[in-house]
Amino acid sequence: MSSASSPRPRTRNTWQKRAIDEILDQSPDFLSAQQVHQSVADSGRTVSLATVYRVLQSQVEDGVVDILALDDGQTLFRKCASTGHHHHLVCRSCRATEEIEAPKIEQWADHVGEDFGYTDINHTLEIYGLCPQCAKNAS
């Protein structure tokens, strides 16, 4: 993946953004925008679902939040544990997620793009399987 400089935050530091940040900071798991919205409401604050989506999307673009698109079409969000580009290994059953680095995939993606004359290459990769605990429970 090519990246000339670190992204510049585009989101103003509003109370809505801080409320969403607090929810994401407290959860090690990926959450849907609806879950974030409900958690903010449960804390006694009111924010529109559209604002939640806007803040989450901005944070994804800024590299602060990871996004995970599930096979069922659901989109989930989580604060990044890694500071650089990374991928996810996701349990199909419990949604446990490991952040993984894959330098060979980065090189491969860059080469594929270059082979076809593309520039500014970017990609997303999630690998799905059963975590050890869910595999044990399934047998």
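In case you wondered, yes, glycine gets a Cβ from its N, Cα and C as well.
Keep in mind the model is a prediction, meaning the values are calculated, not measured.
Residues Glu106, His123 are recorded by TrEMBL as Fe cation binders, and the candidate that the same record lists for that site, out of His37, His85, is His85.
Counting other Cβ atoms within 10 Å of each Cβ, the lowest count among the binding-site residues Cys94, Cys134 belongs to Cys94. In the three-state DSSP scheme, His85 (Fe cation binding site) falls into the coil class. The binding-site residues His85, Glu106, His123 include none with a CA atom within 10 A of the CA of Cys131 (Zn(2+) binding site).
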